[in-house]
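Visitor: Below are the features listed in TrEMBL for this protein:
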| type | residues | note |
| --- | --- | --- |
| TRANSMEM | B:21-43 | transmembrane segment |
| TRANSMEM | B:63-86 | transmembrane segment |
| TRANSMEM | B:106-124 | transmembrane segment |
| TRANSMEM | B:130-152 | transmembrane segment |
| TRANSMEM | B:164-183 | transmembrane segment |
| TRANSMEM | B:189-205 | transmembrane segment |
| TRANSMEM | B:282-300 | transmembrane segment |
| TRANSMEM | B:306-326 | transmembrane segment |
| TRANSMEM | B:351-370 | transmembrane segment |
| TRANSMEM | B:376-400 | transmembrane segment |
């Protein structure tokens with residue numbers, strides 16, 4: 001039982017961006033996906049959520065690929081995009097209704113959870129608002145609430161901290177650790193290394209479409225061959241070659 | 001800056017030409033030609049039936065017609081938002097640019113006024129029994145008023161007055177209204193002296209103000225964008241214009257018509273209905289077409305004509321809603337929901353069927369109210385039902401195949 005990426009080759013065109021990458025997200029684990037701009041983080045995520053099809057290799061959630069059982073695969077997955085994706089013609093309440101219907105959730109249970117989350121993110125009095133009225137941060141919060149009411153097995157979170165105020169960032173991190181305890185696996189891509197260092201259990205460091213290193217902090221440290229416990233130092237050491245190209 | 005104007009104008013004309021090509025290809029033109037033909041027929045009948053003695057409404061109609069048409073043809077500066085930054089260093093050359101823009105705008109605006117004058121000619125000539133010098137005087141008056149109109153609009157470029165709206169009210173509406181009323185009611189050529197005096201005043205006065213003025217970029221760019229939007233909106237009647245994003249209206253009073261999530265057979269029924277009602281590009285188009293068809297239905301009589309009309313408009317209404325099918329395609333979430341794709345097609349068919357049926361019922365009811373005819377009604381019902389079935393199955397499928 002895990003989200004498994006095996007020898008994934010893929011990208012937007014015939015020329016692959018990702019070159020045989022493999023890693024796993026296990027239940028109850030927060031995996032940090034880190035790398036420079038253009039390293040392939042978003043491409044990896046797009047493959048996992050099914051917007052791109054693997055050219056080689058496979059992606060399995062609990063041993064099922066998207067092709068084998070799209071409904072089951074998609075139901076086990078919730079996604080928070082980097083740029084909030086909202087329907088301009090739906091109110092906040094209707095977004096939640098839609099999510100509940102789409103994931104076939106129990107409305108009573110889901111709404112109870114939704115109300116708690118809305119309160120945490122101070123959106124509980126904005127149920128009739130349209131997305132046009134929301135700021136970037138508020139839209140991001142709507143995405144967070146919509147994703148977390150699904151209580152999915154796995155969460156894919158792309159760069160979640162941009163535009164969030166410090167309070168909301170803290171609340172999101174709390175939410176993530178709660179979901180971890182429930183047994184959900186989370187893959188989070190981020191550039192905020194200080195947060196990643198303290199919160200993630202496992203790291204996948206992408207560079208030019210390949211996995212440069214993976215493991216927990218201690219393992220990364222070994223692979224980088226420097227003596228520092230800071231993710232930032234390790235990250236700089238490991239991406240050094242790539243920067244020399246520029 | 002002259003080069004810039006020429007280039008911009010060329011681009012602008014190309015854009016319009018580009019759209020004109022599509023508009024003239026579209027089915028909607030057939031409907032519109034039908035509509036114009038119907039109106040022209042009704043108009044010529046009306047003119048022929050006019051008595052020697054002018055009726056009370058003839059003069060007000062002439063005044064109102066010309067006043068409303070005067071508002072057509074705005075100042076086209078072709079300025080773009082980025083100009084505020086990139087052209088700022090060349091600001092001292094702007095008056096030259098604006099002069100070109102003004103010339104162009106006046107030619108176009110004057111063209112529209114000639115059209116308006118031409119259309120009203122039969123009514124004035126036949127109904128009011130005016131002589132040719134008077135008729136020509138009316139055209140000259142209208143052209144002078146348009147000049148005043150545009151000069152005031154251009155004046156805004158160097159004005160920072162918050163209540164410039166008053167200038168608009170006076171020179172675009174009140175002055176033209178009084179001049180037109182004076183001329184039409186007294187039919188005296190001497191009343192042309194008033195607008196002439198205003199034009200002389202306009203050319204003499206603001207010179208000094210213009211020279212020291214600071215260009216009001218934000219206002220002028222806003223004006224230009226609004227102008228382009230309204231042109232696009234007209235074109236959007238015929239085809240999709242990417243620049244028209246369509247506005248979203250909550251329309252609270254319609255919330256009752258929206259299916260709740262529990263009652264929706266699928267998430268797509270929920271989404272489609274909301275998109276249709278709240279996105280102006282779909283509901284607006286539907287309403288415009290139904291109104292247009294309704295007016296025609298009320299004007300045109302006979303047995304076959306209303307039937308053909310119904311069929312043409314139901315086709316247009318159904319067909320023009322097809323792009324709604326792709327509304328959510330730019331939102332990746334729709335793709336991520338664990339929902340079967342076939343459901344979307346079914347939901348869209350359900351909505352489009354309801355819409356076409358609603359339009360058909362409205363048109364048939366109007367037709368029967370104007371002229372009760374059971375045999376025609378029977379023909380119409382059978383024809384419309386066959387048409388809706390065809391549209392919602394064969395046509396929709398081939399459309400979706402072409403688009404995907």
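Easy rule for this one: first residue shown is 1, then count along the chain.
Quick reminder: no glycine exception, Cβ is built from N, Cα and C everywhere.
TrEMBL does not curate its annotations; it predicts them automatically.
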Visitor: Any residues 6+ beyond the ends of the transmembrane segment (B:306-326) with a Cβ under 8 Å from its own?
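Guide: Same-chain contacts beyond the ends: 27-28, 30-31, 34, 240, 272, 275-276, 282, 285-286, 289-290, 292-293, 296-297, 300, 344, 348, 351-352, 355-356, 359-360, 363-364, 367, 371, 376, 379-380, 383-384, 387-388, 391-392, 395-396, 399-400, 403.
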Visitor: Sequence gap of 6 or more, Cβ distance under 8 Å, 3 or more pairs: do the transmembrane segment (B:63-86) and the transmembrane segment (B:106-124) meet that?
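Guide: Yes, the transmembrane segment (B:63-86) and the transmembrane segment (B:106-124) are in contact.
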Visitor: Do the transmembrane segment (B:282-300) and the transmembrane segment (B:21-43) come together with 3 or more C-beta pairs under 8 Å, pairs six or more apart in sequence?
Guide: yes
Visitor: If we skip the immediate neighbours and take only residues 6+ beyond the ends of the transmembrane segment (B:130-152), which ones have a Cβ under 8 Å from one of its Cβ atoms?
Guide: 66, 69-71, 73, 75, 102, 105-106, 109-110, 113-114, 116-117, 121, 124, 167-168, 171-172, 175-176, 179-180, 183-184, 187, 189, 191-192, 195-196, 198-199, 202
Visitor: Counting only residues 6+ away from its ends, which parts of the chain sit with a Cβ under 8 Å from the transmembrane segment (B:351-370)?
Guide: 269, 272-273, 276, 286, 289-290, 293-294, 297-298, 301, 306, 309-310, 313-314, 317-318, 321-322, 324, 376-377, 380-381, 384, 388, 391-392, 396
Visitor: Hey, would you say the transmembrane segment (B:189-205) packs against the transmembrane segment (B:164-183), going by three or more CB pairs under 8 A that are 6+ residues apart?
Guide: yes
Visitor: Residue list, the transmembrane segment (B:164-183) vs rest of chain: Cβ under 8 Å, 6 or more residues beyond ends.
Guide: 62-63, 66-67, 70-71, 137-138, 141, 145, 148-149, 152-153, 155-156, 191-192, 194-195, 198
Visitor: Would you kindly list the residues that approach the transmembrane segment (B:376-400) from elsewhere in its chain, counting only those six or more residues past its ends and only Cβ-Cβ distances under 8 Å?
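Guide: Tertiary neighbours of the transmembrane segment (B:376-400) are 303, 306-307, 310-311, 314-315, 318-319, 322, 325, 345, 348-349, 352-353, 356-357, 360, 364, 367-368.
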